[in-house]
């Protein structure tokens, strides 16, 4: 097999069909079920987008009401899971807590190996209801704060912000603008074709393993800094720079050292990430309300240097990092926020994989030593 036949990282390999989303790098655009993501961000709730991803069409008023009622009915945590979360060390990464929680939830699945789409979607409902509770609990237990119960009258974004930050005066959970900007990020992070975590979920599903195992594997993939973990590294970089006036110099020196700077470049988009303008709009909106112009100036300076020196443009993680920071989230929890959104896309892909399944099993090109015989241990040197 020649080197030209080996596609490292499956770069450019088309492994299957999907009707869920379409990434179009040539036109710098992304659609969910045919709708431009920027159109969905401006005109739909996160719940409407989840429904679209799962069923292929935007819901009617009655369909959305039923969908929301079903989803909110799952907002309760098993006592054993609560105890498990509190037993985990505060030093572990929050993604480890999520991964452990999903694995625990899977032990209660009465029919783990079913390929029934409705059952898989019910698991999706369960995860979309309970994982925000897990993340909120984890945030508050690490800071010694009391756990806040979910509100069954609120949407996913609003309820989550309430569970994390409470509802006192000044809380972002009481600001319609803050809730909407956070919800926009959930829509933008919800789905993105065959990315590493989604492909991991599909690989696991292709073996006919259970949905919880597929989601657990996807969380493991998303934890990596070359995938979902990048938004955390973006903010750590900004905090390290600290002063916007130092950003250009910091970037220049980092590029001179040929360091990888998270938040820039994309495996598919070569002319810019189509989701960035919508997320940047929310980032600037949050900065205006939360005295965050420092981060906007730093963002602009870093972007300017990177594009001038390399031509590489930002990806979604670059504006999302400071946006989440201005909302008040601890940096280590940025990637779990990604999970809360992407569970919707993962669920849609697991259903699609089961509908027309083929075991995913690529070939490899061997480049080790040629075949040889075993030498008795007494004769080895």
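Cβ atoms here come from the backbone N, Cα and C positions, even for glycine.
Sequence annotations record features per position, and here Swiss-Prot assigns active site to 227, 266, 317 based on similarity to another entry. Under the heading substrate binding site, Swiss-Prot lists 192, 275, 342, 361. Per Swiss-Prot, CoA binding site is recorded for 260, 261, 262, 263, 264.
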| note | Cβ atoms other than its own within 10 Å of the Cβ of residue 342 (substrate binding site), all chains, total 24
| task | Go through 227, 275, the listed recorded positions, and name the one with the sparsest Cβ surroundings, counting other Cβ atoms within 10 Å. | result | 227
| task | Could you work out which of the recorded positions (192, 260, 266, 361) has its C-beta surrounded by the smallest number of other C-beta atoms within 10 A? | result | 361
| message | Using Cβ atoms only, which residues of the same chain lie under 8 Å from residue 263 (CoA binding site) while being at least 6 residues apart in sequence? | response | 230, 231, 233, 234, 237, 314, 315, 317, 318, 321
| remark: Rounding to whole Å, the Cα atoms of residue 192 (substrate binding site) and residue 227 (active site) are apart by 12
| query | When you measure from the Cβ of residue 264 (CoA binding site), how many other Cβ atoms are you left with inside 10 Å? | reply | 21
| Taking DSSP three-state, what's residue 317 (active site) in: helix, strand or coil? | helix
| task | Can you tell me how spread out the substrate site is, meaning the largest CA to CA distance among 192, 275, 342, 361, in Å? | result | 32
| query | Does residue 262 (CoA binding site) have same-chain partners at least 6 apart in sequence with Cβ under 8 Å from its own Cβ, and which are they? | reply | 225, 230, 231, 233, 234, 237, 317
| task | Using a 10 Å cut-off, grab the number of neighbouring Cβ atoms around the Cβ of residue 317 (active site), all chains included. | result | 29
